[in-house]
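Below is one structure, written out as structure tokens, with a few remarks after it.
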Amino acid sequence: MSAISRDVPIMKEGSLRAPRIGLVKQIRSNLFGSKRDTLLTVVLGVVIAAAVYFAVDWLFVSAAAPWAPAESCAAVAGACWPFVVEKYRLILFGTYPYDEQWRSFLASVLLIAAVAVSMLPSFHNGRLAWLWGAVGIGFYVLMRGGYFGLDYVQPERWNGLPVLLMLAIFGLVFAFPVGVLLALARYQSQLPAIRAFAVLYIELVRGVPMIMVLFLGLFVLPLMMPEGITLSPLLTTMVALVFFHSAYFAESVRGGLQSVPRGQHEAADSQGLGYVQKTRLIILPQALQRSMPAIMNTVLGAYKDTSLVVIIGIHDIMATAKMAFSDPSWQHYGLEAYLLVGIWYLATCWCLSSYSRWLEARTS
Amino acid sequence: MPRRFPKSAVVWQGGFILLLVFALVLAVRNIDANLARAGISVSFDFLSSHAGFDINESLIPVSSESSYGEVLLAGAINTVVLSLICILGATFIGVVMGVLRASNHYLGVRLALVYIEVMRNLPKLLILLALFLAVINALPPVRQSWALHDMIFLSNRALYFPALEAGSGMRLLIVLACLWPVSIFVLGKVARRIQDASGTVYPVFWPVTGVLVAVVAASVLFGWADYPVSYPMLQGFDFQGGHRISIQFLVLAAALSIYHGGQVAELVRGAIEAVPNGQFEASRATGLSFLQMMRLVVLPQAVRIVVPPMGNQYLNITKNTSIALAVGYSDLVSVMTTSINQTFRPIELMTLSMGVYLVICLAVSFAVNAYNARVSSRGG
């Protein structure tokens, strides 16, 4: 708390160099500079030491090693790593046919690779649309099968990682252009009816929880279809996600649109550019660049929130983790399964936020 | 001057509206046809019919005899209560962590940093489910509840504690609870006037609180008011008497407070760092203590910066309580889905629940805006 009680060493007369303080002294004055600092140090020190002690004990010291036999788990108080070794395929791919799980794996790798390629700034142009079209078809063919001698796998058995990636990534890929259109519709004043619709839509969607929108997709969307058309829950969930995320994208992009200087509009108008040309060539590129931090924030939040599809019965990795420890002989090891899921999210979210920081540093 | 729109604008919008109306009519016709095939039509009459399912906790009396309307109302109240508790919890954790993060205490900064980063990178549902699992595994079943002085019991089902029943003591407490903020406000004004006139500082908060506590203590000691208390007693498979708060509620409140605390902490840190350094130095120079400096100089300035994003955060908390369904707490969404499964009336029930969420969100954003207007208009 010594943001304020920083003790500034006095400069020696005649010296132009700031006096040096030793590391030990610096640490001592930081941690034990005042009574309040000392108290804080002691309290936090005890909390941190206890947390580290219990974590290390549970994770390593009193845990069953991954290579140990499964029976050894019953004897230990800590984590049971043989469980993770035994069940990792179930957690990653769920009930997808065991012998075909290489397809699930390949489909996941395809999506991750496509995301990695899309992150390269040199790809931020029209080529992305082609890339994602191809990736979508490739993913569908791999997962569903029925072509090229691949066995057909019904969508109910698509589980785990590929489902999470599919819903998160395709949901965002489709929601983004819709969000940009909504933002443009809200930002202009020439077409008040369209603008009113955009405002109503954005505010309505942002006023209700994501779960509600997912339930709308589950319960109401199928009712809107004519007789004879049945939608798979995966498809309705995807549609609901696109509806939901687009409203949030719209708000992030609107911030960027508002920050484009008036002069840019006027200059484009005086060049004789039409609305489409002006928006595509002058306004949007600047607006998108300015709203990049907000967009990446939305992406991160949306990716994490994709896990909520578990609640409406879609089996992403959180649900397959639950499957893994629903097995009666492994039922005490749920925390290990959730830890695995947590590490996945920590790693992927960290990549996303590092990318967003890098992008920001690059453009500024 | 009335604005004139070009012809193309009329065509575009006309086309758009036509398309929208067409899609809407199509959707409504399909819904009607699909519902007719299931033998029902859209109507809110079912709200007064017998629901037949019980919900695990409620502030209004609800039983398996209640109607759908009553059960939904109980769910909506649960959502509001859970939101309020989570907002308080997240604000508390967030302010503590945010101040630690903005300090330059080595341990404090690093602890807050790790906390904020972990919360930013984990989904809330994972935190909720992992915490729920850990708590359920760690706590004993009801019949072997952990007991504190045979008055407070904690099991993997609920927390049970003694409840004060209605009586003269309860009335006294309610009166004092109302008197407390009012008297602090009034006496605070008086004290400020004295301070402005003479420079003498009179404390207000602790003396007032002390007097009120003394009144309560005296009423207990001398028997001025009676305090009938019902204690939880184990009977059969559950406790009777006292109050109970379900484990689901406790875990939800904890998980959402911890999760959103990370986001609040970032807002608080940003706001504190936005207060110019000179303000800190000036308050040190006038000899204010740390707490005085925070309370009188830094926080009033930080609050102005933090209120608008904080309002947004409170709205998110309110909406995110809907993950209660994942652990089986009877919030609005959970009651709604049970009702949909029983009645197959998704249109009516979803419209109703979305309406409730919109009203709650409007109320929160109205309150935040009013507060914001008050805070930002007070002095330059």
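From the backbone N, Cα and C atoms, a Cβ is placed for every residue, glycine too.
TrEMBL does not curate its annotations; it predicts them automatically.
Here's what TrEMBL has on this protein:
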DOMAIN    B:76-368  domain 'ABC transmembrane type-1'
TRANSMEM  B:71-100  transmembrane segment
TRANSMEM  B:121-139  transmembrane segment
TRANSMEM  B:159-188  transmembrane segment
TRANSMEM  B:200-225  transmembrane segment
TRANSMEM  B:245-262  transmembrane segment
TRANSMEM  B:349-371  transmembrane segment
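Take the transmembrane segment (B:71-100) and the stretches B:121-139, B:159-188, B:200-225, B:245-262: counting Cβ pairs under 8 Å, B:245-262 has the most. Same-chain neighbours of the transmembrane segment (B:159-188): 145, 151-153, 204-205, 208-209, 212, 215-216, 219-220, 224-232, 239, 241-245, 247, 250, counting only residues six or more beyond its ends whose CB sits under 8 Å from a CB of the stretch. Listed by sequence, the residues of this chain that lie at least six past the ends of the transmembrane segment (B:200-225) yet keep a Cβ under 8 A from its Cβ atoms are 167-169, 171-173, 176, 179-180, 183-184, 187-188, 191, 194.
Only residues 6 or more beyond the boundaries of the transmembrane segment (B:245-262), in the same chain, are considered here, and those with a CB under 8 A from a CB of the stretch are 56-57, 82, 85-86, 88-90, 92-94, 97, 115-116, 118-120, 122, 124, 127-128, 131-132, 135-136, 139, 155-159, 313, 316-317, 320-321, 323-324, 327-329.
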